[in-house]
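What follows is a set of notes on a single structure, which appears directly below.
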Amino acid sequence: MSDQANQGDLEIRPSPLLTVINDLHSKYKSLKEGIVANYIPELAKVNPDLFSISIVTVDGQVYQVGDYQQLFTIQSISKVFAYGLALEDHGRDYVLTRVGVEPTGEAFNSIILDEQSKRPYNPMVNAGAIATTSLIKGAGATERLNRVLEMFRRYIGHDVFVDISVFTSERSTGHRNRAMAHLMLNFGMIDRNIEEALDLYFQQCAVMVNCHDLAVMAATLANRGVNPVTGEQAVNSRYIKDILSVMYTCGMYNFAGEWAYKVGIPAKSGVCGGIMAVVPNQMGIAVFSPPLDIRGNSVRGVKVCEELSQQLGLHLFECVKVENGKWGVGNCEC
Ligand code: GLN
């Protein structure tokens, strides 16, 4: 049979997963709620219509739709990875003396520390993230930044760069973050030069990624820390449970409880409009859409993840038929 005849006979159907994300993209493209972050002047310039969804499975399959090649700064989603590096540098016990693991129920930028321990509540809000980043080892500012960039390279599979205009924009206006750093210095929770710690924190937030990159990073966390595309170990697998636990309980700020209830998978959002979600042993999901709700989470991103979780049965505590008609708790086979 000729190639032409072959093609004529074949009915090429998109995969079910691609159909689901294409439909969600069409459904929410016209949703105009939310406003883009403007407290960092450079972020206010982003186009609010940008919208993409990417899924990368733990065996390296990729499904995506929309502006998935559009670069943006990773912002708070970087906190997840910096936490992993701090754990690798110091171990669980020491890191716990500097940053707790309790949800705050407060906004991402709230200036509160635990009354008793004086620790920031968790590594997913700004105060905790600044304390976490101050733990990253290195002989000087350049070496520390290089270690952070090298860490991102392992998770993503290619070199990454800092958006200098976003970095300098945040550095010159980030007085609230600076105030948190001073408060933590006062309580001995940060012991290095705080301007250097803040610079590294602002730089890690200004690392440029696209939606596909975020999904690969999420898939790496879903795959015991091994990047499913390159096969490289990005983070020691012993810390995956620590990282995913704080994402699950604290990753969506003061929406974390409702997220855990409705969506039911570890996730992290950022004021860039990105949301990264991890379905352990299955896939990484990323959504990018800059307009944010009042809690600082992407409006379209939350809607897409809620529906994806429902349609694919991704909630970690979903009851599913496991074998011989018996029921169990866990993810469905998608
Ligand atoms: N760089 C931002 C800040 O520190 C990150 C905040 C966020 O994404 N929620 O304010």
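In case you wondered, yes, glycine gets a Cβ from its N, Cα and C as well.
Keep in mind that this is a model prediction, so the values were computed, not measured.
Around the Cβ of N126 (substrate binding site), the same chain contributes S76, F108, N109, R176, N177, M180, each under 8 angstroms and 6 or more positions distant in sequence. Secondary structure at N126 (substrate binding site), taken from DSSP and collapsed to helix, strand or coil, is helix. Residues annotated as substrate binding site in TrEMBL: S76, N126, E170, N177, Y201, Y253, V271.
The candidate set comprises the binding-site residues Y201, Y253. Of these, Y201 has the most other Cβ atoms within 10 Å.
Taking the Cβ of V271 (substrate binding site) as centre and 10 Å as the limit, one finds 23 other Cβ atoms among all the protein chains shown.
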